[in-house]
Structure formats: C-alpha cells, structure tokens
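Pulled from TrEMBL:
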DOMAIN    26-174  domain 'Yip1'
TRANSMEM  48-67  transmembrane segment
TRANSMEM  73-100  transmembrane segment
TRANSMEM  112-133  transmembrane segment
TRANSMEM  153-181  transmembrane segment
Amino acid sequence: MSTATAQPAPETRTITVRQYIDTLVNIIRSPAAFYRSTADEANIRKPLMFLFVSGLFHATVSMSYFFENSLLMGGVFLLNAMFMPCLAAIFTFSLAGVLPGTKSDFSRIMSVYAYASGAVMVVSWIPALGMILEPVRAVLVIVGLNKACKMSWFKAFSMVVCSALLLLIFIWSLAPILAGLKDMLPA
C-alpha cells in the first residue's frame, strides 16, 4: 500500500490571457488595492511575464505602425520595454538602501516597476499618449512603493523623482558613446 501525498501544482512559466487582462484591469481600477494584494508575493515571475507581454504588444504595434515592420526596431522597442523598468528598479533599490528606515527587497521594487510599466505600455505606443502617460506611470510606481514596499508617500515620491533623474543622467551619458559607435560602423 502506497501513501501518496498531494503535491501542489507547479507554477507555470507563462501568464494566461485571462490573468493578463485581470491584472491590467486591477491595476487600472484600483492601484492601491492591487499593490496591497501583491505585497506578500515573493515570486517575480508573474510581474516579469506581465511586463514581457505588454512590451511585446508595445513593440509589435510600434513596429507595425511606425517603422514599416522593421524587425530590428521591434527588437529595440522590446529591449527598451524590458530594460528601462529594470534599470529604474535598480536605481530605486540602491536609493532605498542608502536612506535610513527604508528597507525593501529588490523583488518587490522590481514588481512595482514591472506592473506599472506594463499597465502603461499597452496604450503608450500612441504618440499623443506617450508623454501624457509617463506621469501616470510615475503615480502608479509611487502608489506601489507605498502599498507594496511600505514606504511613506514622501519617500516613494522622492525615490521616483531621484530614479528618473538618474535615468536621464544615464541616458545622457550614453549618448556620446553611442554617437561614437555609430561613426565607427561602416556606411
């Protein structure tokens, strides 16, 4: 006689369409309640999959409508969609480590940025909405840092502003390097 114990189902590596839409609707409907519900999530897979699906949609639509189906530009858009939230999360995590009384693990901060960026990315491919939605993304991140990471409103606001400034400095410092690389490439 064997004794079999029930094993929990292994977590899938994908996100279903229903899960994606539910997550998107919950973020938009009530960001505070959504981030409060994700405060105890230790796994970063779901937020990264959400970000990837949103980034894939953003890259595909942008590539199709604005760059005449250029696969290279689609890849650049997808890489940008995944890289920039990660870089912003790294900056925020670094700043959180420096400020006294601010303790949060990287996975929570990354989840906040992934969910906020993914939610905004779905419609930010429209040129008129791109710049309007950046403040919306910032507000979603501030709410997420407050609710999921238990930061005060002031610290969350300060983190987002400082991270944005660090991102600008990072991009501006890369511009001369990229221009030099462009000149080195054969025509």
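Using N, Cα and C of the backbone, Cβ positions are placed for all residues, glycine too.
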Contacting positions for the transmembrane segment (48-67) when only residues 6+ beyond its ends and CB under 8 Å are counted: 13-15, 20, 23-24, 73-75, 77-78, 81-82, 85, 110, 114-115, 117-119, 121-122, 124-125
Distant-in-sequence neighbours of the transmembrane segment (73-100), which means Cβ under 8 A and at least six residues beyond its ends: 51-52, 54-56, 58-60, 62-63, 66-67, 106, 109-110, 112-114, 116-117, 121, 141, 145, 149, 151, 155, 159-160, 162-164, 166-167, 170
